[in-house]
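TrEMBL annotations:
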- A:57-259: domain 'ABC transmembrane type-1' (DOMAIN)
- A:12-33: transmembrane segment (TRANSMEM)
- A:53-76: transmembrane segment (TRANSMEM)
- A:88-105: transmembrane segment (TRANSMEM)
- A:141-158: transmembrane segment (TRANSMEM)
- A:198-217: transmembrane segment (TRANSMEM)
- A:238-259: transmembrane segment (TRANSMEM)
């Protein structure tokens with residue numbers, strides 16, 4: 001391929017990257033150096049390291065961790081079983097299908113399901129259990145988040161499972177490895193890349209969740225995403241909003257480094 | 001190589017063509033000479049029947065667009081892309097728009113129906129002598145509560161909300177001014193207070209309310225209360241009226257300590273192209289009969305005194321929505337506190353949200 005041809009092919013994507021990735025990030029970084037009165041300052045970063053925002057960061061990371069961990073816990077065995085059933089395509093479709101439905105719609109549906117007079121409480125009342133407060137609790141928040149993110153965890157793990165040669169497991173069993181040893185020494189290491197991709201796909205967006213925090217958690221869970229929304233739309237403190245966004249970008253870089261798929265030799 | 005370049009050229013031409021067509025269509029849609037006006041209002045905040053009536057009477061076409069926060073509306077008008085002819089900001093947004101030179105002074109001679117507006121609601125501090133704005137609806141911030149569950153008259157004041165028996169029963173509206181203002185009022189301070197010590201006291205008082213707070217939500221608060229998700233809500237009076245019409249168990253109180261008095265107002269922004277049309281629309285909406293029809297539809301309190309004659313008695317004599325003078329004395333209009341102070345309010349509100357049970 002000649003050089004000119006290569007550059008001609010690349011040009012549209014390069015343009016895309018510059019206009020929609022590099023310039024916006026630069027603009028956010030630029031904004032983060034201005035305070036409410038439009039003065040050039042490092043104040044926003046100092047403010048970020050105040051107890052309020054540190055606590056918020058900690059809360060965000062903690063909930064993102066819980067969401068990711070529970071997703072993984074559910075997704076891993078699911079992906080394993082999925083790769084070994086006969087109706088793979090159908091089951092896979094059923095897992096992906098909900099992600100075609102608008103997020104807001106799903107969230108509103110859960111408000112109905114978890115409500116005092118919702119489906120879950122109607123079911124519980126069949127057994128004489130009084131109505132429980134489910135909506136606006138940590139449980140409902142994590143449940144709905146996991147529900148929304150789980151396809152993104154299952155898919156990469158499933159792909160990794162599919163790529164794994166079956167013969168390896170049979171060979172390990174033939175050579176006397178126990179079931180547990182096979183899982184630990186063969187299946188897990190061979191699907192680790194899928195797991196890492198899944199973690200990236202779930203952890204990073206959960207760090208900046210904002211709409212679900214209001215609709216399902218009733219603003220009892222405040223993540224960095226919520227704070228950004230507030231600063232941009234209500235306070236109009238673009239500087240502080242941009243600062244939080246920059247810190248989030250840095251956090252994501254760190255996550256990517258930790259959860260990077262190991263390059264194949 | 002040739003092929004690729006030709007493809008790029010094709011895409012580029014297609015983009016330019018689509019762009020110019022879209023531009024032309026948009027221009028046509030907003031062709032606001034003398035035959036159309038663009039009205040920019042809150043969602044579901046006008047009787048659609050009145051728009052048709054206005055169009056029939058005057059032959060002016062109305063393009064109706066909606067916003068869901070003053071801030072969003074401000075941003076869009078400041079940016080100036082769409083030639084809005086009439087907008088309906090709340091009072092603090094009116095003062096900000098005046099300060100930022102985004103409004104055209106009203107020609108009050110072109111709005112003879114101004115005489116219908118109650119004198120008490122004219123000449124307010126946010127717009128002296130109504131140079132730029134005319135009140136559209138007004139209301140309060142207060143408490144709706146389930147009278148069947150809690151008992152008639154169970155709640156009379158802000159401080160009643162701190163009763164430990166109301167654990168996990170309260171829904172708050174997601175607004176920094178409203179909730180910090182409520183705490184300030186409960187302590188006997190003004191809801192425009194900017195004294196740091198008072199604000200910190202208000203924040204501390206809010207933290208004590210946390211065990212009673214079930215959630216802090218937006219517009220969903222109406223649907224949540226209507227479906228009995230909680231027994232108490234801190235809401236705007238208009239939302240309260242809507243909740244009460246859907247769920248009879250609920251009652252509304254204006255808290256004893258005093259609360260916020262708010263106005264939504266007609267203004268003509270700088271973006272206007274059809275200024276006579278805008279005046280005609282405002283005048284039409286201020287007509288006594290039209291205002292009464294609109295009030296019945298929207299459910300908020302009208303400042304239109306002449307319209308009262310056309311309203312059912314139980315609406316206009318309802319002290320919860322048309323409080324008498326002694327109650328009105330305790331009501332306060334939000335002053336525009338400026339960006340920095342508003343930032344402080346929001347930060348405290350954010351900290352309150354983060355406070356866990």
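In case you wondered, yes, glycine gets a Cβ from its N, Cα and C as well.
Under 8 Å from some Cβ of the transmembrane segment (A:141-158) lie the Cβ atoms of residues 63, 66-68, 70-72, 74-76, 78-79, 82-83, 92, 95-96, 98-99, 103, 106-107, 110, 191, 193-195, 197-199, 201-202, 205-206, 209, 212-213, 216-217, 220-221, all in the same chain and six or more residues away from its ends. Packing against the transmembrane segment (A:88-105) from elsewhere in the chain are residues 78, 82, 147-148, 150-152, 154-155, 158, 211: each is 6 or more residues past its ends and has a CB under 8 Å from a CB in it. Under 8 Å from some Cβ of the transmembrane segment (A:12-33) lie the Cβ atoms of residues 40-42, 44-45, 238-239, 241-243, 245-246, 249, all in the same chain and six or more residues away from its ends.
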